[in-house]
Amino acid sequence: MSLLVVGLNHRTAPTSLLEQASVSGDDTPKVLHDLAAAAHVNEAVVLSTCNRTEIYADVETFHGGVADISDQLSRISGIDLGDLAGHLYVHHDARAVGHLFSVVCGLDSMLVGESQILGQVRGAFRTGQSAGVAGSALSGLFQAALRVGKRAHSETSIDAAGASIVAVGIRLAASSLGILSEVPAVPVAPPGGVAGELGGAAVLAAPVAEPPPLAGARVLLIGAGAVGSLAAQTARRAGATEIVIANRTPARAARVAEMHDGRAVGLTDLPHEILMADLVISSTGATGLVVDHDLVAAALPGRGGRPLVFLDLALPHDIDPGVRALPGVSLIDLEALRVALDGAQVAHDVEAVRALVSTEVAGFLDRRRAGRVAPTVVALRAHADSVVHGELARLHSRLPDLDDREWELVEGAVRRVVDKLLHAPTVRVQQLAGAPGGDSYAEALRELFDLPREVPAVVSAPDLDLVERS
């Protein structure tokens, strides 16, 4: 049995495919039970957000588990497995642990450091438990991951990494629009301090200079994920008069619009909304351009010469770089933000969390290896106790004249000899279990003492035909 994660995210798949592969809350229990019924899957948890759909599982075999989970993702998305496979990534055992720990800390998010993912992982785990599909193997993994996530968000300033990008982007955009009056800034909280709210989950606001306000500005946000929600929050606090949320999925646009007192529209409304907007912030994660040169050029004649600023927070770009050549149009992209942002501090925070994740992964794997040896030690002692019991019974029948005191001494001596013989190897195998390759010592004990094969065996990662992709 081993840990496995198979999934797709904003780095490996376009938004349209992510939407097809997403699993709603109502559908999750059925998906979980379908996974549990698969031949090679013992336990499962489904994590489905705007930017990822991942299935974490404890599986009997690597290849069988990958096949079962990939088939399930194909059924969910309605996409032929041959077409879907190129967008999937697979992580096994240690890399699966490291991936989950990175995800829950926000390192793998489109908005680095966002803490909304912590609540989403917790919810996915609880759903798996409620469905009876997340057992002891995944419970230990997810409980450890949630502890790591809490540490990352309370002991470092990783929350500020992504929030800083949004805040600085809006400050630069407001400066380009020529709006310079002062309004209250987004509250700042230190690590472990009081946080604001993003999508029902705590998120620390950016500890950066107050962004110039957007008093009187109309702001159009394209994309309703974590980045779009944070941008809406920041723009609203900066004084934006009107906030419009455009998204491929109307329900998501409506949800974010309701959170930030905005208005939801579809992507087909972009020509009119660009005509009316002062600032357009885009963060869809689409693989192609969302706003091209011709769309913007067509809107300019009706704007009366008002400046128009685009803030492109997506990678790859949502906004056609060619719009920079249009009169009165400015474009701020991630490269420009990296120059304006204190990149050294952001890099320091990210590296601090990566170091934390690395340490926690090593500790988790050590504990798991040691835990896997425990059943073997228990089986060995049970085997020894059975042998002692049988031999004492045989001895008792041959020495019926021994009184209770004499028999107690004989039994005690036999048990002490057996305990002393077993003490050194059982203690040593537990010590060695935490080291790489330590599983082999438990296997040796099972072979030498012919212990029952139902004792969980440790299967180390083989040379895999399927390359693990990030």
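A Cβ is built for glycine as well, from the same backbone N, Cα and C atoms used for every other residue.
As annotated by Swiss-Prot, active site, nucleophile applies to Cys50. Over all protein chains present, the Cβ of Cys50 (active site, nucleophile) has 25 other Cβ atoms lying within 10 Å.
Among the features that Swiss-Prot reports, substrate binding site is placed at Thr49, Cys50, Asn51, Arg52, Ser109, Glu114, Ser115, Gln116, Gln120. Following the DSSP three-state reduction, the secondary structure of Thr49 (substrate binding site) is strand.
Positions annotated as NADP(+) binding site by Swiss-Prot, on the basis of sequence analysis: Gly223, Ala224, Gly225, Ala226, Val227, Gly228. There are 27 other CB atoms within 10 A of the CB of Ala226 (NADP(+) binding site), with all protein chains counted.
What Swiss-Prot records for His99 is site 'Important for activity', and it gives sequence analysis as the kind of evidence.
What surrounds the NADP(+) site, by Cβ distance within 8 Å of the Cβ centroid and not counting Gly223, Ala224, Gly225, Ala226, Val227, Gly228, is the set Cys50, Met110, Leu111, Leu221, Ser229, Leu230, Ala231, Val256, Ser283, Thr284 from the same chain. A 10 Å cutoff on Cβ-Cβ distances gives Ser109 (substrate binding site) a total of 25 other Cβ atoms nearby, all chains included. Secondary structure at Ala226 (NADP(+) binding site), taken from DSSP and collapsed to helix, strand or coil, is helix. There are 26 other Cβ atoms within 10 Å of the Cβ belonging to Val227 (NADP(+) binding site).
Note on Asn51 (substrate binding site): other Cβ atoms within 10 Å of its Cβ, all shown chains, come to 23.
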